[in-house]
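Beneath this line is the structure, given in structure tokens, with notes to follow.
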Amino acid sequence: MKSCGVSLATAAAAAAAAAFGDEEKKMAAGKASGESEEASPSLTAEEREALGGLDSRLFGFVRFHEDGARMKALLGKAVRCYESLILKAEGKVESDFFCQLGHFNLLLEDYPKALSAYQRYYSLQSDYWKNAAFLYGLGLVYFHYNAFQWAIKAFQEVLYVDPSFCRAKEIHLRLGLMFKVNTDYESSLKHFQLALVDCNPCTLSNAEIQFHIAHLYETQRKYHSAKEAYEQLLQTENLSAQVKATILQQLGWMHHTVDLLGDKATKESYAIQYLQKSLEADPNSGQSWYFLGRCYSSIGKVQDAFISYRQSIDKSEASADTWCSIGVLYQQQNQPMDALQAYICAVQLDHGHAAAWMDLGTLYESCNQPQDAIKCYLNATRSKNCSNTSGLAARIKYLQAQLCNLPQGSLQNKTKLLPSIEEAWSLPIPAELTSRQGAMNTAQQNTSDNWSGGNAPPPVEQQTHSWCLTPQKLQHLEQLRANRNNLNPAQKLMLEQLESQFVLMQQHQMRQTGVAQVRPTGILNGPTVDSSLPTNSVSGQQPQLPLTRMPSVSQPGVHTACPRQTLANGPFSAGHVPCSTSRTLGSTDTVLIGNNHVTGSGSNGNVPYLQRNAPTLPHNRTNLTSSTEEPWKNQLSNSTQGLHKGPSSHLAGPNGERPLSSTGPSQHLQAAGSGIQNQNGHPTLPSNSVTQGAALNHLSSHTATSGGQQGITLTKESKPSGNTLTVPETSRQTGETPNSTASVEGLPNHVHQVMADAVCSPSHGDSKSPGLLSSDNPQLSALLMGKANNNVGPGTCDKVNNIHPTVHTKTDNSVASSPSSAISTATPSPKSTEQTTTNSVTSLNSPHSGLHTINGEGMEESQSPIKTDLLLVSHRPSPQIIPSMSVSIYPSSAEVLKACRNLGKNGLSNSSILLDKCPPPRPPSSPYPPLPKDKLNPPTPSIYLENKRDAFFPPLHQFCTNPNNPVTVIRGLAGALKLDLGLFSTKTLVEANNEHMVEVRTQLLQPADENWDPTGTKKIWHCESNRSHTTIAKYAQYQASSFQESLREENEKRSHHKDHSDSESTSSDNSGKRRKGPFKTIKFGTNIDLSDDKKWKLQLHELTKLPAFVRVVSAGNLLSHVGHTILGMNTVQLYMKVPGSRTPGHQENNNFCSVNINIGPGDCEWFVVPEGYWGVLNDFCEKNNLNFLMGSWWPNLEDLYEANVPVYRFIQRPGDLVWINAGTVHWVQAIGWCNNIAWNVGPLTACQYKLAVERYEWNKLQNVKSIVPMVHLSWNMARNIKVSDPKLFEMIKYCLLRTLKQCQTLREALIAAGKEIIWHGRTKEEPAHYCSICEVEVFDLLFVTNESNSRKTYIVHCQDCARKTSGNLENFVVLEQYKMEDLMQVYDQFTLAPPLPSASS
């Protein structure tokens, strides 16, 4: 297949050939000297050529079962050959070896080996980020393991370094799925839409992507939009049967569960019709049968419901929901014994099924067995998905009180209608289910997971584990338990054995029956099933319905995880979606990561990566063992059990072939409960369990336990001993010593350190399961992970990055290949395992910063790799003829264009306005050293003005713009300048423009320093803020009535002589206690546009009295040079507030400064965090599944205190002006009734420009539109402003150089391709242009669709999006807005101005 993306470098291939020849000579010399060596595998020239084009971009497109056996064999041979040579070279080979090894293992779906090889490549290659194929492969591996946080980062970086990457559609698809699981629905929709417009091949069809969009609407409870999207999709031609069945199933269940879709009778009628049609398309869907049963049950058709449930059990026995619903029907039919057995089957399959436990408790209570009822209710409350914990707690308390009042012994003497809960497990149906489940699980372990193409697995002889108890043994166990006090020693021994076997059996079932939480949807995701069961009573005249035994499911063709069907287009197939909300299984700790269940026994050892606060990609705590030991055993004993394929995992390849890795012991990553079956290595995709409030917080705490430790702790057994070095986490220093608790926090960059993952957890201290490499060769495993070396010395790694250039201070006990610096702004240069990085990072703005080397150039390698590129297969980026860095910023434009013709693409095709050589931007690390706790509540810089002269005093401007002052409060400004604030009062606004539009945010009234969930049970970061619209007149009415209501409440309090309690709008002293919910709802009027100088002439004129540096328009304001209106930035916006109105946490657009004046009459409370800590807040947002840039969040002050983040906190009174400096993070709450006005300002400083450009690049990485068009602004600045600051001048000149080069290069490419460029000059005040698809700024050359050009609507695309929608640009015209001569003139005339004379004081 045609390769794409990063081209193969001829020069690299030639060098590799020479290296290969040298290596052969060395081996020959070794043999001649008498060394005995085994014959190593070798590749022919033809094989090397065939392997040349294979890399991660073919993942999902190579089918080994379709004439692919030779390819698979070749890849296997290549892997063996590489491993052999690496072993002989003792790991000292070219870094590209490991990258290729990662690609080959990825294509073979050997994920542990692929990850290890990619990690090794990362550790050796300082500019790894230039290799898009590497980043893509790494992202696929993370995606496979549902490590979504890291997969998202890797995929975003691919698109950043290579926007035209040929697998961009695959990336957008996966990003859409991951953001959906993370409940970031806006981002999810954006990426699904980006995938749809891309015409490149993809493993999913467009119809399947459209299904995801429809399901996204359903997840958001936008049911009418979802219904419309589903119905529209049904009209698609050539729709596959599987997709059609899934859509109909969704529509059927939506009509059953959503009240908005009509009255009950109509809804149920439609629901049944849709489900019946779905079953016509896919008769084997157990889930559709289950839904149909629920519909029949709700309308009283009991017989039909039983038939449907029976069909569901036949198709997929392991469904706790189905068994629970059967129990409800039996209970309604007054058949308690049958109901009991059905409920027991449900909780057997899913120990955390709250609904089944509650129904079982109700059953026992109705049979007057309160002790058993209490046990069931307690189990229900322990479930994470219990929605009525308080009600159950009250019921338990009531029943316990009743028991206390009963005469002693009365319960023992009473005949029981039902067996006790302990005895119920050995009843015939549950016991048979237990036995079958154990047998099936055993069978699964011995069966290839061959589900591609809908093939069923071959019959496998049932084997029952020694611990799989038969019904007879279960009965014997209960008898022994009942007579525990009277047993002889032999019987006690037997009891102990049976109990231990019973525990093992339960744990195994819990691991294997994640399917209890799933239902097949045919595609990826489905609706969340309402776990509350039908409450309608069924007439008692219904005939008794015997509970017959269900057929065995061990027959061929039936799989525990329900049958799956392959989708038409490749690796994603029909999968399963959780019924009801995500559940945990009993005492076995389970975390839904994405939708895969990672089960463990109280240990974190079975998750690939763990972290607490890490914002970037993995980084292990590393223990380097002595090279004399067997490092592969010590290092990998425990850390990565979750990476292994285990029985019943859905990690098999397209034909069910398992990767070459060994199978771990009992713990494995299980992909049950997923929305898409894993074919071609893609992990199962997310389901919708969010609609019931159980959003899959997939890696928010990054622990494998539901209640276990929050990180990995070095136990006594796992503590490094002897010749070891423990590597401290470097990106998030909290002051602990290097050997302190090794919680994996900082996970910067892309990869875990491969040198060791030897952090044992208490439960698995002695485990010897294979780790990352799963290699049969321990020496090779050790080499691939990085050999242990004792010559690690201190060193520095000082680098420049395009975001926050930083310097690392020299520290001991550090390891070079740690990617920690990447999380900050520096680029790591991990050339070898002997090099060192650092423990701390300081911002360029700090007094300790310095710029030592650029991108690692000048770094010495302590390990010289032997040139042994055995395959002549190089996946390096194309050779860099002339680095952009070598082009001076001072030559003329003619020299620049001449140089640009030689530059080529420089290996990249990105449009970063920074240097080519800079890696993708990263959030900054928390400043180091951390502030002491007594410095975390600093005083707010405040200036009191007494008269007009004070306001215009030059040092005021300097004080506000000083980067060391994140915020300044200018008190008494309105009085000093005699501003008429009454012009902005509600009364005046109503009189001026009462029908003017107001955006309204509906919020919850809470204390300013707290943010609780709607129930008031826990503090959260998500801030409820739902958008709607109204008019100034209507909001004014609400504002006034709110004030009147408050007065009335205050008077009532006084009249009742109640003690005055703290107002809800002020801070509370009881911050740690539970708040009573629900909270009162309030409305906040925001973003009221005052840009129209005709409507708001008086108001805008009044603001011209302000000092020049805070005015809306001034020569020294960068935003005044944009040349067009940016609403709310270079125009005024008004805010109308009632107490409790919140402006959630944010930084200003593109990190510009902002001005805010309180009109009054009430106060506002402000919370401010310095710019250098935004990376920490970004981490918290990621941890809480919130989008830092676009989400609504309110920081938890306790979290910030623990993370050593300083918070400025102050009150803004009427007439006070708050200056928010560049990049400052802030959030605001109104204390009283007030109005505010605000706008942005861009001081003409290097700091402001630098931060604006950094955010421009970060926005590009995050697929967020930059409101300020920085390229357009930079050219306007060059035209309009004389710059005397050398730093600011150089940054602007760099931007001009970059864009001049890009315009020229693109121009020449279009002319060479025969594409006509049409002149379309800019008009006055014409806004800057953005791509209508990806929203990046488009400068000079606009790609406009033919249709929009003829209609003069001009729908603009960037070059990359244009090529994705039309490969040869035949559907586009190219419009040119600037003549190259004009740009050259601006560039040449922009020179450094002489410094201004210093102002006299």
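From the backbone N, Cα and C atoms, a Cβ is placed for every residue, glycine too.
Just one residue in Thr737, Thr827, Thr1143 has phosphothreonine written against it in Swiss-Prot, and it is Thr827. Together with His1146, Glu1148, the Fe cation site in Swiss-Prot holds one more listed residue from His1029, His1056, His1226, which is His1226.
Between the listed residues Ser769, Ser926, Swiss-Prot assigns phosphoserine to Ser769, with no corresponding entry for the rest in that record. Within the set Arg519, Arg876, Swiss-Prot records omega-N-methylarginine at Arg519.
Residue-level annotations in Swiss-Prot identify, among Arg48, Arg167, Arg382, Arg549, Arg549 as omega-N-methylarginine.
Sequence-distant neighbours of Cys1331 (Zn(2+) binding site) (same chain, 6+ apart, CB under 8 A from its CB) are Glu1337, Val1338, Val1356, His1357, Cys1358, Cys1361. Reduced to three states, the DSSP call for Cys1331 (Zn(2+) binding site) is coil. The predicted model assigns the domain 'JmjC' (1095-1258) a mean pLDDT of 97. Secondary structure at Cys1361 (Zn(2+) binding site), taken from DSSP and collapsed to helix, strand or coil, is helix. Less than 8 angstroms from the CB of Cys1334 (Zn(2+) binding site) sit Pro163, Leu194, Asn1263, Cys1358, Asp1360, Cys1361, each of them six or more residues away in the same chain. For Cys1361 (Zn(2+) binding site), the Cβ neighbour count at a 10 Å cut-off comes to 24, with all displayed protein chains included. Sitting within 8 Å of the Cβ centre of Cys1331, Cys1334, Cys1358, Cys1361, and not among those site residues for Zn(2+), are the Cβ atoms of Pro163, Tyr1330, Ser1332, Ile1333, Glu1335, Val1336, Val1338, His1357, Gln1359, Asp1360, Ala1362. Taken through DSSP, the repeat 'TPR 7' (321-353) splits into 26 helix, 0 strand, 7 coil. Note on Cys1358 (Zn(2+) binding site): other Cβ atoms within 10 Å of its Cβ, all shown chains, come to 25.
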